[in-house]
Amino acid sequence: MTNIRKTHPLIKIVNHSFIDLPTPSNISAWWNFGSLLGFCLIIQIVTGLFLAMHYTSDTMTAFSSVTHICRDVNYGWLIRYMHANGASMFFICLFLHVGRGLYYGSYTYLETWNIGVILLFAVMATAFMGYVLPRGQMSFWGATVITNLLSAIPYIGTTLVEWIWGGFSVDKATLTRFFAFHFVLPFVIAALAMIHLLFLHETGSNNPSGLVSDSDKIPFHPYFSIKDLLGALILLLAFMNLVLFTPDLLGDPDNYIPANPLNTPPHIKPEWYFLFAYTILRSIPNKLGGVLALVFSILILMLFPILHMSKQHSMMFRPLSQCFFWILVADLFTLTWIGGQPVEYPFITIGQVASILYFTIILIILPSISLLENKLLKW
């Protein structure tokens, strides 16, 4: 009798995706982040569902409903902090996952890469809308400033902002629609993640060497399922450490103050995972220019397949490219740090230099270095 996992129409799909999937034998721990992102998404959907049972999206009660969750709901404080810090873990895994793709040349799998960039945009939109919901002081002003950026769009900008707000400021209508979108989008993300996997399994996984690995593949289960489980346990350990010991480490203290439209915080900033893009936005004195630079700082990922000039797939055997890749990583850390600093000298100048360096490395230096490496290898 043939095994049910190979014949049943539904179980067969799971079998081809997670059990009998031919996987390159040499993929490292950097390939764990895909499954960790799935794990993070499940945590966010489950905790978010329980939070939605108690949250009210009304300007008068939003802040108190979050307080009520933390004080009166059984383990409400745990659910709330798991959800808030789960977003941070999600973005840490996302940045590492994208970084792995850039380092090992995974962007040459065009469909998978482009769906991945769309996923990144969807996760960023979801996280932003979720940040607005507790209606703390920084939530409110962050929402006001970021949505107001759309007013930089010529001709329709102001109308567009008022349409998104549902009025003349971030109010009840804004909160209600953001809550609706914040609830729905994670399920859209889950669907996109399945499409991402579907495209990945059309070509098979990349591997650290960047070489074709058809002759050296092993089944996903038990080898990589155990490896992914270990990764999930390590992530869970780090995550629960953060949630139970320092739950407010990555948050903003201003969010413990209810939103006050009459009192602007001295320094408005988004969550830490948006700071690099926020710095790029602030570095350009022109509003429309800043918004375009902000969007392009993420959209630039779509250009990597076009900018790939090397005859080699991966950076594993390209020390010059590696050097500039790590300079780019250091630059992103610098941008993140500057985003959290006040808008004054020397932070403005450092931010502008780091922003120029970010685009220069990606658009000019990395392709040029790749061509130089080809020449040095006489390719």
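Placement of Cβ uses the backbone N, Cα and C atoms for every residue, glycine included.
Pulled from Swiss-Prot, these are the features on record:
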TRANSMEM  33-53  transmembrane segment
TRANSMEM  77-98  transmembrane segment
BINDING   H83, H182  heme b b562 binding site
BINDING   H97, H196  heme b b566 binding site
TRANSMEM  113-133  transmembrane segment
TRANSMEM  178-198  transmembrane segment
BINDING   H201  ubiquinone binding site
TRANSMEM  226-246  transmembrane segment
TRANSMEM  288-308  transmembrane segment
TRANSMEM  320-340  transmembrane segment
TRANSMEM  347-367  transmembrane segment
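Shown here: features listed in Swiss-Prot, placed on the structure.
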{"residue": "H83", "record": "heme b b562 binding site", "Cβ neighbours (10 Å)": "21"}
{"residue": "H97", "record": "heme b b566 binding site", "Cβ neighbours (10 Å)": "20"}
{"residue": "H182", "record": "heme b b562 binding site", "Cβ neighbours (10 Å)": "21"}
{"residue": "H196", "record": "heme b b566 binding site", "Cβ neighbours (10 Å)": "21"}
{"residue": "H201", "record": "ubiquinone binding site", "Cβ neighbours (10 Å)": "14"}
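Counting Cβ pairs under 8 Å to the transmembrane segment (113-133), the stretch among 33-53, 288-308, 320-340, 347-367 with the most such contacts is 288-308. When Cβ distances are compared across the two stretches, the transmembrane segment (288-308) makes no contact with the transmembrane segment (33-53), since fewer than 3 pairs at least 6 residues apart fall below 8 angstroms. Each residue contributes its Cα atom, and for H97 (heme b b566 binding site) and H201 (ubiquinone binding site) those atoms are 17 Å apart. Outside the transmembrane segment (33-53), and at least 6 residues removed from its termini, the chain residues within Cβ reach (under 8 Å) are 69, 79-80, 82-83, 86-87, 89-90, 93-94, 96-97, 100, 130, 179, 182-183, 186-187, 189-190, 193, 228, 231-232, 235, 239. A gap of 21 Å separates the Cα atoms of H196 (heme b b566 binding site) and H182 (heme b b562 binding site). Taking Cβ pairs closer than 8 Å, the transmembrane segment (77-98) reaches residues 30, 33-34, 36-37, 40-41, 43-44, 47-48, 50-51, 66, 69-71, 116, 120, 123, 127, 130, 235, 238-239, 242-243, 247, 250-251, 271-273, 301 in its own chain, all 6 or more past its ends. When Cβ-Cβ distances below 8 Å are used as the criterion, the transmembrane segment (226-246) is approached by residues 29, 32-33, 35-36, 39-40, 43, 78, 81-82, 85-86, 88-89, 93 of the same chain, each at least six residues removed from its ends.
If you measure from the Cα atom of H201 (ubiquinone binding site) to that of H182 (heme b b562 binding site), you get 29 Å. DSSP classifies H97 (heme b b566 binding site) as helix under the three-state reduction.
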